[in-house]
């Protein structure tokens with residue numbers, strides 16, 4: 001398939017179906033990364049096929065978008081939408097910007113897809129499992145964690161969680177303004193620790209060794225210009241990369257201690273945040289799927305399940 005084709009040719013061969021109703025005690029934490037989230041889609045499909053349906057799911061940005069399909073128990077849905085509609089302007093492009101004031105078309109993602117690949121909303125909303133979308137409060141610069149079992153409109157929280165700064169309009173939730181959860185908490189494992197989960201799985205979208213460079217001068221200037229009226233957010237954006245690196249270091253320590261189980265890409269990820277090459281996206285999905293399958297036995301041992 002040529003790079004400029006609009007849809008991935010192997011969509012019909014993607015894993016599909018529904019996972020069982022089995023629920024596993026513990027929490028799964030999903031890192032963001034825009035279209036690098038295809039890796040997470042693959043991992044989650046592998047977990048669902050082996051009935052590893054965690055009691056609580058916490059997702060940041062693309063992690064939240066993947067997370068609601070995981071909680072709905074729909075194997076392959078995230079991949080079908082991303083690989084099939086990446087070049088649909090209702091999802092990414094002019095129509096998306098027109099309708100949602102950003103590069104991602106959440107109207108299409110949350111409503112339009114219901115006509116051809118509907119979310120199992122009753123299963124998603126079942127209170128026996130919790131789902132948390134991580135968002136950044138633009139006034140305080142701090143993360144907030146919206147639970148589907150407590151929030152009036154969890155899908156609006158998912159939209160805010162995945163609304164990229166600089167290129168998108170802030171999202172209003174209950175009289176507050178919010179942006180991408182990755183601005184303040186890219187990997188929300190601390191939330192899971194603070195809520196006393198004994199078993200915590202973290203799904204990364206970068207290799208364990210990856211660290212970000214310091215925020216460059218051009219980005220700092222753009223931040224000051226765009227968010228001059230939100231000093232706490234401005235400060236958080238300027239420290240975002242160094243905060244992420246500290247998270248990665250702490251996560252490595254927790255993994256080495258056996259406190260947290262991490263699943264991360266087994267090879268370097270050469271996919272951009274808004275990658276348009278659906279073959280590369282599909283390769284990333286299958287990397288996640290195979291990495292997930294290869295870890296199943298170790299995951300079960302960590303979770304102490306059969």
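Cβ atoms here come from the backbone N, Cα and C positions, even for glycine.
Remember, predicted model here, so these are calculated numbers, not experimental data.
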From 54-58, 59-63, 64-68, the residue range that TrEMBL assigns the feature motif 'GXSXG': 59-63
Fewest other C-beta atoms within 10 angstroms, as judged across 61, 180, which are the active-site residues: 180
Helix, strand and coil counts within the motif 'GXSXG' (59-63) (DSSP): 2 helix, 2 strand, 1 coil
Rounded Cα separation (Å) that holds between residue 61 (active site, nucleophile) and residue 180 (active site, proton acceptor): 6
